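As given in Swiss-Prot:
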- Q190, Y218, N223, E239, D299: S-adenosyl-L-methionine binding site (BINDING)
- C324: active site, nucleophile (ACT_SITE)
- E358: active site, proton acceptor (ACT_SITE)
Amino acid sequence: MTPEHLPTEQYEAQLAEKVVRLQSMMAPFSDLVPEVFRSPVSHYRMRAEFRIWHDGDDLYHIIFDQQTKSRIRVDSFPAASELINQLMTAMIAGVRNNPVLRHKLFQIDYLTTLSNQAVVSLLYHKKLDDEWRQQAEALRDALRAQNLNVHLIGRATKTKIELDQDYIDERLPVAGKEMIYRQVENSFTQPNAAMNIQMLEWALDVTKGSKGDLLELYCGNGNFSLALARNFDRVLATEIAKPSVAAAQYNIAANHIDNVQIIRMAAEEFTQAMNGVREFNRLQGIDLKSYQCETIFVDPPRSGLDSETEKMVQAYPRILYISCNPETLCKNLETLSQTHKVERLALFDQFPYTHHMECGVLLTAK
């Protein structure tokens, strides 16, 4: 695979290999055949980051070869959304001959939505001043004149300049309902929007007919919490990153959802609160004991669940686990399978043509 060519003719073969690999990894815990969810074969990534290489009067996007670490010039990137590809061309054209904007520019980050909005961040090894702002505003206006719905941000050490805003609002059709999700620059968002829709719809399907409340750890901008709210009486969700919590609160209001409560705390802290080990001021006014959480949802980082959280989630009759790293999922299942069995298993091809797999399991108490 090269940056400017995707082996689309190999898509089905690479997906089949992932199915076999996941089944093999899951064999100690389940003999289920995974439900398989396919990605678009190109233009599936809604965000991308590129270093900028200065070559005399020219400059261009580059990425680094993972094996050799050599730099590769990238003028188009078919894995990224069509809007990112349009912006890559337009940004280089707008910056190349502008001394203020190109000087000490070392990276450009792109974040886009299916609703055709974009935030583009320009990263510099220099101080940004009023002259930079004026030139950046002129570039933004020129991009908008090309019908590109874009917001620009300048970043340097201890500096962030937003020309308008640092977020965009995604609109996703999820099981017959449009969901609005505010996505903040430099915060985690699901990279493959088409796959995200399928993940949300699968999670809705496996939690149909649920009783009681839902607890979610690591909720981000509320991506899963808000979509799943319709299947539960109430949802209690935790998140540590301030921008994500703020986005989640906005998304609750934008989607007119009244049964979701977001708490800003780490999963480890929440475990302590639930077990009565510590009291937290952030939980004042929230009666944890009033929640009847029959289901817990976890979408942990690549490192998986820590041992204390493993023990905590085992107390719930149903565990819905989305994993971006099946190796740590299987490590967690060594513990979780002592008390729970795998009822549903799904493979989400979040990153085609790579070894990465995203998967989902529903576990029920034995």
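Just so you know, the numbers here start at 1 and follow the chain as drawn.
Here the Cβ of each residue, glycine as well, is placed from N, Cα and C on the backbone.
Quick caveat, the model's predicted, so the values are computed rather than measured.
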Residue among recorded positions Q190, Y218, N223, D299, C324 with Cα closest to the Cα of the residue listed as 'active site, proton acceptor': C324
Densest Cβ neighbourhood among Q190, N223 (binding-site residues), 10 Å radius: N223
In sequence order, the binding-site residues (Q190, Y218, N223, E239) whose C-alpha falls within 10 A of C324 (active site, nucleophile): none
Per-residue Cβ crowding (10 Å cut-off), top of recorded positions E239, D299, E358: E239
8 Å Cβ shell about Q190, Y218, N223, E239, D299 centroid, S-adenosyl-L-methionine site members excluded: F188, E216, C219, G220, N221, G222, F224
Position of peak Cβ density within 10 Å, selected from the recorded positions Y218, C324: Y218
Where E239 (S-adenosyl-L-methionine binding site) falls in three-state DSSP terms: strand
